[in-house]
Amino acid sequence: MTFRNCVAVDLGASSGRVMLARYQRECRSLTLREIHRFKNGLHSQNGYVTWNVDSLESAIRLGLNKVCEEGIRIDSIGIDTWGVDFVLLDQQGQRVGLPVAYRDSRSNGLMAQAQQQLGKRDIYQRSGIQFLPFNTLYQLRALTEQQPELIPHIAHALLMPDYFSYRLTGKMNWEYTNATTTQLVNINSDDWDESLLAWSGANKAWFGRPTHPGNVIGHWICPQGNEIPVVAVASHDTASAVIASPLNGSRAAYLSSGTWSLMGFESQTPFTNDTALAANITNEGGAEGRYRVLKNIMGLWLLQRVLQERQINDLPALIAATQALPACRFIINPNDDRFINPEAMCSEIQAACRETAQPIPESDAELARCIFDSLALLYADVLHELAQLRGEDFSQLHIVGGGCQNTLLNQLCADACGIRVIAGPVEASTLGNIGIQLMTLDELNNVDDFRQVVSTTANLTTFTPNPDSEIAHYVAQIHSTRQTKELCA
């Protein structure tokens, strides 16, 4: 029997993991084993919100060394992370400045400035990327305006997964799927857009041409002396998660559920018309030249902050208590910028309810109920927008990632969207990371081939919509009110 051992490093905003995958060629079976899991989070440093990249690198190396200590010969390594954030290096490869996180406030107001100076439609036609106040385009502008003393020292700008690959291999790479999240890549050329780069203040020489997933960046030399290839996977974690989504047919949508919720569909062509612009739809790069037509939703970040502030450790107990409460008493817009990084999330949620003359969620369960109901309703709105954009309804929604373990939210989503939900796999980003490695090793033909492997090996759970649920009735009432207003307009 022929086995391949691939290691996926999957870094999220709240945690990271080093996972070992074992693929058996003859029976096309794939198993995952967690080698090392570690925390990630935001830090305050010199007035900025930052990432501790040294700690993350140490955790990555610890995980890789653990695999080697077991006597396992690694065939390849791949790294995926969140998007938009970057690390600056000088000519010697040493860091310049701080690895500032996207939740820092330094780019506040710059998105509106870019739209005014360059034109909102022109930016969108060039990049195809949604307008988010922390996109790399605005972060770089903030850097060059606020810290001009750093500019003479900068030789390279590496996005997060490329930085960690560089630290392992000494080789630089700019992977395409993650590069597209910057709002700096031209959607027609797949290269950096000179007009957008010029506005950002960044030097084009800081960047190399983006490479599509599947190339070998370089090699990591393990403690035993073996040279192990480090593969440029679809290094944006959502791009990897979509690869592992067992999408079946053109009427399947996906929801990558974690700190962020990313809802969308796959397409061979981007959508950059006025309808897409008005809905703030993004066209991020995917594997094999596909586009991830999607929309960002704030996701479980709100819950993570509530858990932290209220010091809640028993999430299953909280969900059980939440399930016993009536639905849709407290509704907020999770995508409101006020929730990006407030000083106190609980107070911010309560203030939003107070300002809209709603009851105030006080208990832990009420806050969680507010978040779950609000997310499910926003999922329904976004799914409707996506269906209108492409001119065809969806028949099923695949929820992948850590958030798909929340059975209450899965059912609320099915009920609010009125669509069958298939939950799983949980470790979608890790699996998609592994999938590209196996293709690079010539073990699999393409993404569709890999999805067949996922469908037969992953644990999937189906949630059927209940039209008689409270949230389904709430959605029906909203639609009825909207139709009445449209008729009277």
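Think of each number as a place in line: the chain as shown, counted from 1.
Just so you know, glycine gets a Cβ as well, placed from its N, Cα and C.
Remember, it's a predicted structure, so these values are computed and weren't measured experimentally.
Cross-referencing G109, G119, G170, G402 against the ATP binding annotation in Swiss-Prot, which names A13, S14, S15, G16, R17, T259, Q304, picks out G402. Substrate binding, as stated in Swiss-Prot, involves G83, H236, D237, T238; the candidate among N173, N186, N188, N296 given for that site is N296. The disulfide bond recorded by Swiss-Prot for C68 joins it to C222 [selected from C6, C27, C222]. The highest number of surrounding Cβ atoms within 10 Å, among the binding-site residues S14, N296, Q304, is found at N296. The recorded positions considered are A13, C68, C370; of these, C68 has the fewest other C-beta atoms within 10 angstroms of its C-beta. Here the candidates are the recorded positions A13, S14, D237, and by Cα distance the one nearest G83 (substrate binding site) turns out to be D237. Under the DSSP three-state reduction, N296 (substrate binding site) is assigned to strand. The Cβ of S15 has fewer other Cβ atoms within 10 Å than any other of the binding-site residues S15, T238, T259.
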